[in-house]
Amino acid sequence: METVTKNGYQNGSLESLCVNQRDPLSWGVAAEAMKGSHLDEVKRMVADYRKPVVKLGGETLTIAQVASIAGHDTGDVKVELSESARPGVKASSDWVMDSMDKGTDSYGVTTGFGATSHRRTKQGGALQKELIRFLNAGIFGNGTETCHTLPHSATRAAMLVRINTLLQGYSGIRFEILEAITRLLNNNITPCLPLRGTITASGDLVPLSYIAGLLTGRPNSKATGPTGEVLDAAEAFKAAGIESGFFELQPKEGLALVNGTAVGSGLASMVLFETNVLAVLSELLSAIFAEVMNGKPEFTDHLTHKLKHHPGQIEAAAIMEHILDGSAYMKAAKKLHETDPLQKPKQDRYALRTSPQWLGPQIEVIRFSTKSIEREINSVNDNPLIDVSRNKAIHGGNFQGTPIGVSMDNVRLAIASIGKLLFAQFSELVNDFYNNGLPSNLTASRNPSLDYGFKGAEIAMASYCSELQYLANPVTTHVQSAEQHNQDVNSLGLISSRKTAEAVDILKLMSTTFLVALCQAIDLRHLEENLKSAVKNTVSQVSKRVLTTGANGELHPSRFCEKELLKVVDREYVFAYVDDPCSATYPLMQKLRQVFVDHALENGENEKNFSTSVFQKIEAFEEELKALLPKEVESARAAYDSGNSAIDNKIKECRSYPLYKFVREELGTVLLTGEKVQSPGEEFDKVFTAMCQGKIIDPMLECLGEWNGSPLPIC
């Protein structure tokens with residue numbers, strides 16, 4: 001099969017450039033790109049992100065590679081240009097110079113720009129110089145408290161994407177300029193670009209003009225060096241090892257540099273890499289939520305989701321099903337539900353039970369948007385396009401960044417929906433009316449009156465969620481006509497990308513807070529199990545000692561109370577009474593006493609005889625219990641605090657363990673209590689920083705390492 005690269009100059013005929021007869025509208029290519037699971041796609045992204053070299057040829061750049069170059073500013077990931085692209089780039093550059101010599105009238109080469117393209121000039125180089133000058137209209141706010149500079153990671157992403165676009169040989173620019181930008185990237189020299197001022201149609205004119213300004217040595221151009229030092233253009237060139245000196249732009253070259261969507265699509269690529277990771281994390285968090293809530297795993301049953309047909313939902317359910325399959329928490333919950341089916345509602349609430357249905361559409365939106373942006377960063381998106389094969393310049397509008405604006409608006413909606421689910425789950429988790437026995441606010445102190453746990457975190461989560469939902473409002477509905485009504489519709493791609501980057505940051509705050517809360521809940525379930533065991537053993541011990549025999553050693557009717565007394569211990573939530581286990585106002589002692597009362601009522605005539613009265617045993621039982629139980633509870637608590645619990649933590653038997661282990665052991669977070677000095681925010685910061693550094697990825701994928709990509713069989 002013939003392949004076509006670089007404007008028809010290698011390995012292909014002119015005819016094959018025109019129409020792909022097998023897939024003339026490229027829908028087939030788009031559909032093919034969506035095959036396979038989302039998780040597999042995320043794994044491929046991670047592999048791409050970690051490659052030490054990004055080789056650019058114009059057509060195979062991935063969003064993960066863009067994110068990698070953007071995020072690795074220490075020189076450990078390098079950019080290489082494919083030499084096979086050089087002939088095509090040179091041919092289009094030569095064509096522009098030849099057409100200029102012949103007097104051919106071409107937009108941006110011999111004409112003015114935009115609404116003033118009726119003007120004409122033969123001074124092609126001077127025209128490009130003026131283009132860069134008037135586009136340097138950004139504001140940096142130097143000396144003010146507010147920063148108006150684009151983050152250097154986003155600038156690096158833009159530089160990479162612009163090189164990739166120009167390598168395809170349709171733009172009329174010298175290969176040497178692309179090599180110079182590559183040198184800047186590889187030496188971590190980053191031009192300073194304004195944060196605002198682009199509508200991403202005609203591309204990102206204003207910010208990209210500052211890259212061109214640095215290349216041409218404009219006196220107002222600035223860059224940051226490897227350690228954050230501010231450099232002028234000459235210092236930047238020296239630091240990057242560019243020995244050729246500043247570029248005198250030839251006709252069309254200034255336009256080639258600025259008339260593209262690279263800033264918007266570069267930032268969109270960074271955003272989407274993180275969004276895809278956070279989408280998988282949300283599936284894991286939902287599964288762990290089911291574990292600590294004693295949820296019913298049937299919500300993941302494949303038949304339910306197969307009948308709904310949506311692939312995102314099917315995959316989300318299958319991933320949760322895999323995590324919950326064989327989970328020690330699910331086994332314990334199943335036993336609990338079988339023993340006492342009325343202890344909790346028949347069905348879990350929507351935030352748990354419908355989490356696959358909620359997350360599925362968001363994952364589909366994120367996947368589609370990822371592919372859309374990946375097409376954009378491999379597109380030729382300036383104007384005019386130089387078609388050497390037909391000896392003409394084609395005037396069109398590929399600079400219109402609508403795929404960016406629309407994709408980012410849609411992704412922001414998906415992010416807001418994921419955040420809303422996490423907030424709903426978090427709200428259930430910290431509320432003792434809904435969390436199936438966990439303490440209010442997930443408090444872990446001996447004295448709950450001096451520990452309010454995650455109350456502050458819940459307020460913060462409400463704040464995050466509110467801001468996230470506000471950010472979900474579309475940017476693309478706020479288009480203003482620009483540039484003398486020439487740019488009367490425009491994409492606002494970079495603005496939408498920036499808002500989506502904000503949304504991603506907030507979702508990371510929410511994911512961090514929720515993950516730490518889930519680890520707190522896991523530890524509380526562990527503590528709960530050990531405390532309940534201590535209570536149960538003590539009640540059993542006291543029952544045998546006090547209730548088995550009467551005053552004369554004869555068997556006493558109250559001995560039959562023990563079974564029901566132990567059932568009370570099983571049924572009562574430990575954290576509802578454990579701070580003062582023998583208090584008559586707490587449910588444990590009240591329910592234990594009720595057992596005696598019920599048996600006394602059934603004891604008939606024997607109850608009238610002091611020696612066989614069940615009721616008469618209440619005082620002795622309670623006095624013995626009050627003497628022993630507080631000590632046993634404290635002993636169990638002390639053993640837990642010292643890491644010597646009688647019962648091990650169930651999480652170690654679960655597929656979600658790698659994530660818990662990462663948070664607790666690698667990051668060194670602890671069980672939060674009012675008895676310790678650590679604030680919740682200190683622990684959140686540890687996890688948030690690790691999440692921003694990408695350290696969450698490996699433990700997250702380790703949780704899913706055994707998944708074969710399919711739901712469990714329906715049987």
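Backbone N, Cα and C atoms are what each Cβ position is placed from, and that goes for glycine too.
Here is what Swiss-Prot says about this protein:
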type     : residues                                               : note
ACT_SITE : Tyr107                                                 : active site, proton donor/acceptor
BINDING  : Asn259, Gln347, Arg353, Asn383, Lys455, Glu483, Asn486 : (E)-cinnamate binding site
MOD_RES  : Ser202                                                 : 2,3-didehydroalanine (Ser)
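Here the candidates are the binding-site residues Gln347, Asn383, Lys455, Asn486. The one whose C-alpha lies nearest to that of the residue listed as 'active site, proton donor/acceptor' is Asn383. Under a cutoff of 8 A between CB atoms, and with a sequence separation of 6+ in the same chain, the neighbours of Arg353 ((E)-cinnamate binding site) are Phe299, Gln347. Pairwise Cα distances among Asn259, Gln347, Arg353, Asn383, Lys455, Glu483, Asn486, the recorded (E)-cinnamate-binding residues, top out at 58 Å. Local packing around the recorded positions Ser202, Gln347, Asn383, Asn486 was summarised as the count of other Cβ atoms within 10 Å of each Cβ; on this measure the leading residue is Ser202. Here Glu483 ((E)-cinnamate binding site) comes close to Gly114, Ala115: these same-chain residues lie at least six apart in sequence, with C-beta atoms under 8 angstroms from its C-beta. Geometry remark: Asn259 ((E)-cinnamate binding site) versus Ser202 (2,3-didehydroalanine (Ser)), CA distance 6 Å. Around the Cβ of Tyr107 (active site, proton donor/acceptor), a 10 Å sphere holds 16 further Cβ atoms from the protein chains shown. In this structure the alpha carbons, written CA, of Asn383 ((E)-cinnamate binding site) and the residue listed as '2,3-didehydroalanine (Ser)' are 8 Å apart. If you take the C-beta of Lys455 ((E)-cinnamate binding site) and look for same-chain residues 6 or more apart in sequence within under 8 angstroms, you find Val430, Asn441. Taking the Cβ of Asn259 ((E)-cinnamate binding site) as centre and 10 Å as the limit, one finds 24 other Cβ atoms among all the protein chains shown. Cα to Cα, Asn486 ((E)-cinnamate binding site) and Ser202 (2,3-didehydroalanine (Ser)) are separated by 10 Å.
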